Amino acid sequence: MSTIIVSSPVTAGLASRFKAHGLKLKTVVLFDTNTRKLFGEQVLRTLADEGFMVHELVVPAREASKSFSTAYKLYGGMIEAGVDRSWNLLAVGGGVVGDLGGFIAASYYRGIPVIQLPTTLLAMTDSSIGGKVAINHPLGKNLIGFFHLPELVLIDPSYLGTLPEREVYSGLSEVVKYGFIADSALLERLRSHFSSIVALEEPYLTDAIRRSAEIKEAVVREDFREMSGLRATLNFGHTFAHGLEKLADYRFIRHGEAVTIGMAAALSLSRRLGFLDRPSLEQGQSIIAEFRFPRGLLKKRFLDIDAPALLENMLSDKKKLDSRLRFVLLKALGEAFLLEEDVDDREVLGAIEDAKTFFRKQ
């Protein structure tokens, strides 16, 4: 499995960390245009000072960079620079850079090591960990990819100081998700220190990141290729969220924002089907009530949407894999499971309406 390091500055002593993992000091460094501007000089200076041979690549900071055309351009640059299988790739950025960098590393010379240096809260707690790497296809997101574990995940909470508050809230959705599925004590800490974490205050921020990374890594270790259903529990709230993202044409609403809404609906569905008691439902809702959305987003992207339209998009999103929806639900706060049985559409629609009622009251 990957070695996950949470520290600041995380790039200190990078050469010794690479050598300890059998990695050569020959690194392709992938940035997007934003992370190059924010962190490029610091990262490249550290690598130069520690004796690395470096080839730098930069892609536009947008979802469209996760494409075959971008990948081919990067392959060409690496080939022309003489990059061979003795090199590794360091991905410096959020989910787009991490996915694209992982995809390039998994496919170049049939696979070179990848090191993730995530710069967003969402990437630090979710996408950089677990080895799922992919690019998009015109027919859907993340359809072309690999399981390719990073050798190292280097997490520096101080990098989050550059994030807009909206991105912090978006990343916190995944942190809260880990509490819902695996750690009720984490939920209690989040409830007590939510505003401090949003403000990036220590030690609360690092505690939340470290515990989230531990949970994700433990789940991946037990079910790397999603064979047992355990890894599927990481998708709590995501069935609803994917429908919302699809309705928005994968624009306008952040992934974490959609997951926050989806978790509210999944909590309600867990209660409707008799798995979750009312006090637990209300405790879970009290945490979700802490989230803030951009002005008008909640109304336009959820409250004004007909529940049947959302359900239709949820179904179309899953028809590529099977003929029915699969829901991750809760038996208790901190205890998730994958429901194998079909769920009556009326219950799903009811859960969507419950979530709308909840958010209207906030």
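Along the chain as shown, residues are numbered 1 onward.
Backbone N, Cα and C define each Cβ position, glycine as well.
According to Swiss-Prot, the residue from Lys73, Lys141 that belongs to the NAD(+) site alongside Gly95, Val96, Val97, Gly98, Asp99, Thr119, Thr120, Lys132 is Lys141. Proximity of Glu174 (Zn(2+) binding site) to non-local residues of its own chain (separation of 6 or more, Cβ distance below 8 Å) is seen for Leu121, Leu122, Thr125, Asp126, Ser212, Gly256, Val259, given in sequence order. When Cβ atoms from all protein chains are considered, those within 10 Å of Val97 (NAD(+) binding site) total 30, not counting its own.
Long-range C-beta contacts of Lys141 (NAD(+) binding site), restricted to its own chain and to partners at least six residues apart, with a cutoff below 8 Å, comprise Lys66, Ala134, Tyr250. Across the structure, His255 (Zn(2+) binding site) and Val97 (NAD(+) binding site) place their CA atoms 16 angstrom apart. Take Gly95, Val96, Val97, Gly98, Asp99, Thr119, Thr120, Lys132, Lys141, the residues named in the record as contacts for NAD(+): the widest Cα to Cα gap among them comes to 21 Å.
Other than the site residues Glu174, His238, His255, same-chain residues with C-beta atoms no more than 8 angstroms from the centre of those residues' C-beta atoms, the Zn(2+) site, are Leu122, Asp126, Ser173, Lys177, Gly237, Ala241, Gly256, Ala258, Val259, Gly262. DSSP assigns Lys141 (NAD(+) binding site) to a strand segment in the three-state reduction.
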